[in-house]
């Protein structure tokens, strides 16, 4: 969780909501896999649950990415996990044997930084991981009155001090923005199990401030503006590949991309098929490497 100090006025953020498509999802097969490949110039991949789980690669990912690159496809990695910078993510890819340039990586922390930059907020990270709140008589909890934005993301060091600081800034500082990197409920922080995601931290601040945040990560299409500038590919020629319906697939649909759900992460077949689920991808399959096997590569 970060607080950004500034003395500028509050910008007027635009709405970032979207509407999900409700058509039935197709199981990826040889015929539609070939059609998908021919109709797409750029593949956008989520990372957790799609490329890896924790620090373990999902089977077949390196070969699949190599095949797509060999066919001239542009690869972009769009993650909601805000715990690493683009350079740190590039290092992680390299440590797992994948050659990925940092310019191909777009994270929700990058999106938050770009949002602040676009709105002329000078960033300032408050180092408070070791601080703890104390309840004492006649003791006032002090906070910086000039903080103009609070960014809430995935934070393994979340504590009561940070929650109180964020709450005071948002509730008491005039025009202070409440920005969320994402609202993912859980994520594969390790290879063996899911862990609480940024969504639970965002929810805590929503509860204490009684305000809703500006979400800059998926499913918001805020990052898509930067992708379009960088890669010069129409969204109709992009395919978003992800393991979450409410972030990855909805992001692709909001932006006008084709969508492919993989069942190697958070979403299960039963969740996809549940009658209450209104978010349907264009295609779905078990894992990314199914593209490789279905094409007979």
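The backbone N, Cα and C atoms fix where each Cβ goes, glycine too.
Quick look at what TrEMBL lists:
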ACT_SITE  46  active site, nucleophile
ACT_SITE  48  active site, proton donor
BINDING   46, 48, 243  Mg(2+) binding site
BINDING   218  substrate binding site
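Distribution of TrEMBL features across the structure.
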residue: 46; record: active site, nucleophile; Cβ within 10 Å: 25
residue: 48; record: active site, proton donor; Cβ within 10 Å: 23
residue: 218; record: substrate binding site; Cβ within 10 Å: 33
residue: 243; record: Mg(2+) binding site; Cβ within 10 Å: 27
Any idea what the Cα distance is from residue 218 (substrate binding site) over to residue 48 (active site, proton donor), rounded to a whole Å? 13
How many Å lie between the Cα of residue 48 (active site, proton donor) and the Cα of residue 243 (Mg(2+) binding site)? 8
Compute the centroid of the Cβ atoms of 46, 48, 243, then list the same-chain residues not in that set whose Cβ lies within 8 Å of it, in sequence order, for the Mg(2+) site. 47, 49, 50, 51, 79, 187, 188, 242, 244, 248, 262, 265, 266
Rounded to an integer, what is the Cα-Cα distance in Å between the residue listed as 'active site, nucleophile' and residue 243 (Mg(2+) binding site)? 7
